[in-house]
Amino acid sequence: MDYKKVYNRRMEKKKYEVTQGKFTNYKLILGLSVSIILLIIILLMPTPVGLTIVGQRCLAVFAATFVLYLSEAISAAIVSLAIVPILVIFNIVSIKDALSGFSSTSTYLIVGSFILAVAMLKSKLANRITYLIMLKIGVSARNITFGIVLVNIVLAFMVPSSTARTAMLLPICINIINQFRGESREKTKFGANILLTLCCTNSTISAGILTATVSNPMAIQYIKDATGKVVTFGQWFVWGFPPALIMTFVAWAIIQVMFKPEVKELNGGREFIQEKMNELGKIKLDEVKALIVLGITIILWAFGDKIGIDSTTACLLGACALCIPKIGFLSWDDCKSSISLSVVFITSGGISLGTAMSSSGAAKWMAEKIFSLLNLGSYSVVVMIIILIIVVQFMHVVFVGTATMANVFFPILSGIAIVANINPILTIIPSAMMLGGYPIIMFFNTTPNILCYDTGEISSDMFPKFGVILSVIACVLYAVCVFVYWPLVGLF
């Protein structure tokens with residue numbers, strides 16, 4: 001053993017940990033300090049015209065929360081949970097209203113989605129679908145990456161969590177990359193290609209499916225709170241899936257040009273995937289159960305509104321069915337380990353803050369200022385929506401996580417709709433699709449991006465190089481939807 005090399009590696013790791021620790025401390029001190037100072041300044045300043053004292057307090061809490069989200073001084077989940085007592089202590093809303101986000105339909109749609117996702121993973125049905133698609137489509141370098149696209153599209157309906165889908169496919173992709181480069185450990189364009197395809201098309205297709213990513217259910221909750229209208233799975237699909245599908249294939253095509261694989265054929269690729277398929281053996285009973293329950297759930301998502309069953313009810317029915325002995329195969333331990341409290345807290349706390357912003361008048365007041373600053377009143381509704389789409393998309397540069405970004409933007413977008421005297425659906429839905437579907441500018445925008453970046457196969461500069469190009473194309477396509485497609489399908 002080369003003890004000198006071992007020692008050097010340990011020292012490098014120790015230096016890294018010390019540096020990271022210092023950086024974390026700086027973030028904590030700076031983030032907390034700025035948020036508290038901002039909170040105090042807004043609370044002590046004269047109440048602006050058009051804003052009540054309660055609205056001013058809520059605005060102060062919103063500003064402090066925004067800084068904490070952005071700085072990551074404290075876990076976003078803890079910040080979101082702290083929203084509840086802070087709203088009550090500042091006498092902004094009652095404890096009942098402060099907890100409203102934790103009893104929202106969106107929160108339980110997310111909980112149910114996590115349970116459905118773990119069923120796909122535990123039964124290994126998702127793995128079987130992945131290998132089957134890749135065998136059918138072929139194992140050339142280009143076909144493998146296209147297979148990842150198709151798998152992402154299929155699994156977006158069946159595994160309602162972008163992080164879970166990425167975590168499931170990532171080991172498969174890494175094995176394929178290692179198979180491609182053999183003994184070498186050098187980074188390859190093929191490695192970057194397949195991992196960018198994995199995380200980016202995972203996001204783009206999520207824009208078109210209500211349950212595919214966490215910010216989509218949050219959007220419909222804000223719409224429900226503002227208008228009383230429930231947006232169904234089928235409506236979201238009709239409005240969002242066609243442009244999302246187009247952008248998913250566009251994303252794949254751009255990646256093929258920018259990160260062209262070194263060779264066309266993957267040596268031993270078919271044998272490798274066939275071996276993985278053989279390891280799964282014949283289809284198991286648990287896979288059949290998962291397929292049946294998920295199939296029924298998807299049908300209810302699509303058509304349940306015809307018989308009075310909303311998306312959350314359908315999701316929870318499916319989740320519970322998978323836990324019933326003999327019918328399902330999940331234990332309570334499976335379920336509780338699959339549910340991310342972090343996501344639940346961020347979603348619920350954010351909805352509670354958004355409700356408080358709306359009821360206190362703070363959201364409307366902020367919207368009026370933004371409306372005036374951007375001179376939105378001088379534009380038609382269509383042009384205004386396009387401007388909002390562009391602003392939301394390029395604000396991804398500074399946000400970590402779509403749920404935290406949704407917590408910041410959805411109350412403002414709802415307020416802008418009120419100021420413009422239009423239905424909040426028009427400002428929230430298009431922007432929500434951009435928010436949830438295109439967090440691809442920076443590697444830290446979402447957990448799937450971070451997971452792929454953390455493999456070491458992708459450099460941080462690859463994301464903006466690719467992401468800015470895709471963002472511009474997405475803004476153009478969704479602008480076309482505003483003018484042409486959405487009026488045809490009843491969104492406008």
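Using N, Cα and C of the backbone, Cβ positions are placed for all residues, glycine too.
Just so you know, TrEMBL annotations are computer predictions that nobody has curated.
Same-chain residues lying 6 or more positions outside the transmembrane segment (23-45) and placing a CB less than 8 Å from one of its CB atoms are 56-57, 59-61, 63-65, 67-68, 70-74. The feature transmembrane segment is assigned by TrEMBL to 23-45 (among others).
Here TrEMBL flags 51-70 (among others) as transmembrane segment.
Below 8 angstroms of C-beta separation, residues 54, 57-58, 60-61, 65, 68-69, 102, 341-343, 345-350, 352-353, 355-356, 359-360, 407 of the same chain, each at least six residues beyond the ends of the transmembrane segment (77-95), sit close to that stretch. Residues or ranges marked as transmembrane segment by TrEMBL: 77-95 (among others).
The transmembrane segment annotation in TrEMBL covers 101-121 (among others).
According to TrEMBL, the transmembrane segment annotation covers 133-157 (among others). Among residues of the same chain six or more beyond the transmembrane segment (133-157), those with a C-beta under 8 A of the stretch's C-beta atoms are 120, 126, 165, 168-169, 173, 176, 180, 190, 193-194, 197-198, 201-202, 205-206, 209, 212, 245, 248-249, 252, 255-256, 261, 263-266, 269-270, 273-274, 277, 298.
Feature annotation from TrEMBL assigns transmembrane segment to 192-216 (among others).
TrEMBL lists 236-255 (among others) with the feature transmembrane segment.
If you look at the transmembrane segment (309-332), the same-chain residues 6 or more away from its ends with a CB under 8 A from one of its CBs are 105-106, 108-109, 111-113, 115-116, 118-119, 122-123, 160, 210-211, 217, 230, 232-233, 285-286, 289-290, 293-294, 296-297, 300-301. What TrEMBL records for 309-332 (among others) is transmembrane segment.
Annotation source TrEMBL lists transmembrane segment at 370-391 (among others).
Annotation comment: TrEMBL describes 398-419 (among others) as transmembrane segment. Within its own chain, the transmembrane segment (398-419) has Cβ neighbours under 8 Å at 62, 65-66, 69-70, 72, 76, 80, 213-215, 218-219, 222-223, 225-226, 343, 346-347, 349-351, 353-354, 357-358, 363-368, 370-371, 376, 388, 392, 426-428, 431-432, 435-436, 439, 444-447, counting only residues six or more beyond its boundaries.
Per TrEMBL, the feature transmembrane segment maps to 425-445 (among others).
The annotation transmembrane segment is assigned in TrEMBL to 466-486 (among others). Proximity of distant same-chain residues to the transmembrane segment (466-486), defined by a Cβ-Cβ separation under 8 Å and at least 6 residues beyond the stretch ends, is recorded for 196, 200, 204, 239, 242-243, 246-247, 250-251, 254-255, 258, 382, 385-386, 389-390, 393-394, 396, 430, 433-434, 437-438, 440-442, 492.
Counting Cβ pairs under 8 Å to the transmembrane segment (425-445), the stretch among 51-70, 101-121, 192-216, 236-255, 370-391 with the most such contacts is 192-216. Using a Cβ-Cβ cut-off under 8 Å and counting only residues 6 or more beyond its ends in the same chain, the transmembrane segment (101-121) has close neighbours at 84, 155, 158-161, 164-165, 168, 211, 214, 217-218, 220-221, 224, 290, 293-294, 297, 310-312, 315-316, 318-319, 322-323, 328-330, 334-335, 337-340, 343-344, 347-355. Same-chain residues lying 6+ beyond the ends of the transmembrane segment (236-255) with a Cβ under 8 Å from its Cβ atoms: 145-146, 149, 152-153, 193, 196-197, 200-201, 204-210, 216, 220, 302, 429, 433, 437-438, 440, 466, 469-470, 473-474, 477-478, 481, 485-486, 489-491.
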